[in-house]
Amino acid sequence: MAFSSSCSSVKAVNSRWTSPSPSPSSRFAVLPAFLHRRYATSVKLTAISAALKTVEQTTLTEDNRFSTVGSDSDEYNPTLPKPRILVTEKLGEAGVNLLREFGDVDCSYDLSPEDLKKKVAESDALIVRSGTKVTREVFEAAKGRLKVVGRAGVGIDNVDLQAATEHGCLVVNAPTANTVAAAEHGIALLASMARNVAQADASIKAGKWERSKYVGVSLVGKTLAVMGFGKVGTEVARRAKGLGMTVISHDPYAPADRARALGVDLVSFDQAISTADFVSLHMPLTPATKKVFNDETFSKMKKGVRLINVARGGVIDEDALVRALDAGIVAQAALDVFCEEPPSKDSRLIQHENVTVTPHLGASTKEAQEGVAIEIAEAVAGALKGELSATAVNAPMVAPEVLSELTPYIVLAEKLGRLAVQLASGGKGVQSIRVVYRSARDRDDLDTRLLRAMITKGIIEPISDSYVNLVNADFIAKQKGLRISEERMVVDSSPEYPVDSIQVQILNVESNFAGAVSDAGDISIEGKVKYGVPHLTCVGSFGVDVSLEGNLILCRQVDQPGMIGQVGNILGEQNVNVNFMSVGRTVLRKQAIMAIGVDEEPDNKTLERIGGVSAIEEFVFLKL
């Protein structure tokens, strides 16, 4: 009897504001994008403090150096060659030293675009600040070698995220270490602008004494609109409240309870800009926010408003701001960031008497520089070792407590996807996949993004010749025309657990194992988590109960005595260790499915002997 054999391995995609892509935050954690085969035989993945354990061993080769998920060791293998890490801009010494403990570090500054392309082809990781442009051409030049880009800071507009995603490269940033520094600089600009500090300083140094010219405005009782209530915006609001200001904010993604806790009202964009005396910008630069402060926006503002920007230069139309300053709509502006950096010395905006400028100093404190260096070094080193990254910007992110709870279900989801596609004749003709989550929880209480990502990864890996991980699995799936739909069914079980079961169906394809075909005619498998371990609980219409570990042999057979013994003897004679067996049947003494878990991969002769058992109608060998 012929037998079928497939194999597979272990990750999906995405970043906040008026666009639907949320920005990174330390409040979120992301499943690791990859494990490095060159540096790790296997790794235990931790979800914050909880362990994410998987069971796949990986093969160490120079050409296929990055793994997916593996698990018998907590550490990368120090006897193997170290990863090569390219740093193209000045990084704090503490961060560089940390990187040197883990890899071979090449600090090459002021590289030309061509030199950068040559360097990345020999690098496993790249760390940049805001000056290096990591373009699509850079990722193409890397030829799949580059596995993580670290942005030492918050903004990632100098990194082509789409290209990174397509090439399976994780992008991480360092959003927390410079939060206080940026907020303090915003407040410093606000206060110095209100009291004309920079202009008065220049006046005195020019030999003048113009007290009456530089009468300022008080901050107490004034309204500050914080445009973007993320980490920096929150800290600015906190400090402004301490100065006696009334603070309002606009941010479509900010939790209302967090704003209320600080005494901040969340309002609409137009309400914020039309009622504020001071407007402080803290949103990311996205297609939706590019030049969002323009002639139309300024026309809606209160006459005499004062503007502060320590976020990204591109959110302001600089020519429109000059017109607003000349018209007196904007009384003053204090800017730390610009559309082009450094700006032209002839810029009308820079030379305007009512504008205070600094050369992108938001994160420029000794403490912040060291903190950013350490944060990005830890993120990059951790990503190369396969650890969780709380600051990934192009992979699915969920709250840490949610990830901790979902950990065993994430492993289950990937394995179900992997099994399902192996049962679909090696993926031939696979186009439509349906995923059904059964849960006792309300729809809003179940975040399935990571589960979907892992199922997608499990399905795509065996049928793609591309490097596939959680970062690019959805992209590759779309390229292949795969349609993945999700359904949720409320069941009467304990809401203590997020998911009762996950069912993966591959629609309208032939199966190399007829026993996996449901009554509806689709390949269908279902699994649950039992005592923290993923279990396969249903194949087609047959109920089974097997732990998803090692490898799996599925046999469709006549339901008769002695079958377990016959197959067990064949495997035992070939020194193949059986770690579990389970038999499921629909009608007594009719048909049954036997699921056999084995530690080793049986050779072809052993599998042929199993297929030769007269009562076995078909079987398939599957790698988990």
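From the backbone N, Cα and C atoms, a Cβ is placed for every residue, glycine too.
Residues or ranges marked as active site in Swiss-Prot: ARG312 (among others). Taken residue by residue with DSSP, ARG312 (active site) is part of neither helix nor strand, so it is coil.
Positions annotated as active site by Swiss-Prot, on the basis of similarity to another entry: GLU341 (among others). Sequence-distant contacts of GLU341 (active site), defined as residues of its own chain at least six apart whose C-beta falls under 8 angstroms from its C-beta, comprise SER130, GLY313, PRO359, HIS360. A coil conformation is recorded for GLU341 (active site) in the three-state DSSP classification, outside any helix or strand.
Annotation note: HIS360 (active site, proton donor) sits in a coil segment as assigned by DSSP. Per Swiss-Prot, the feature active site, proton donor maps to HIS360.
For LYS231, VAL232, ASP251, VAL310, ALA311, ARG312, ASP336, HIS360, LEU361, GLY362, ALA363, the entry in Swiss-Prot reads NAD(+) binding site.
According to Swiss-Prot, the feature domain 'ACT' maps to 552-624.
Annotation comment: Swiss-Prot describes SER71 as phosphoserine.
Sequence annotations record features per position, and here Swiss-Prot assigns transit peptide to 1-49 based on sequence analysis.
In this record, NAD(+) is bound by LYS231, VAL232, ASP251, VAL310, ALA311, ARG312, ASP336, HIS360, LEU361, GLY362, ALA363; the longest C-alpha to C-alpha distance in that set is 24 Å. Other Cβ atoms within 10 Å of the Cβ of LEU361 (NAD(+) binding site) number 15 in total over all chains. Across the domain 'ACT' (552-624), DSSP assigns 19 helix, 31 strand, 23 coil. With a cut-off of 8 Å between CB atoms and residues at least 6 apart in sequence, the same chain places GLY153, ASN178, ALA181, ALA182, GLN369, VAL372 near ALA363 (NAD(+) binding site), listed in sequence order.
Each residue contributes its Cα atom, and for LYS231 (NAD(+) binding site) and ARG312 (active site) these two points are 15 Å apart. Taking Cβ-Cβ distances under 8 Å and a sequence gap of 6 or more within the same chain, the neighbours of ARG312 (active site) are GLY155, ASP157, MET283, PRO284, LEU285, THR289, VAL337.
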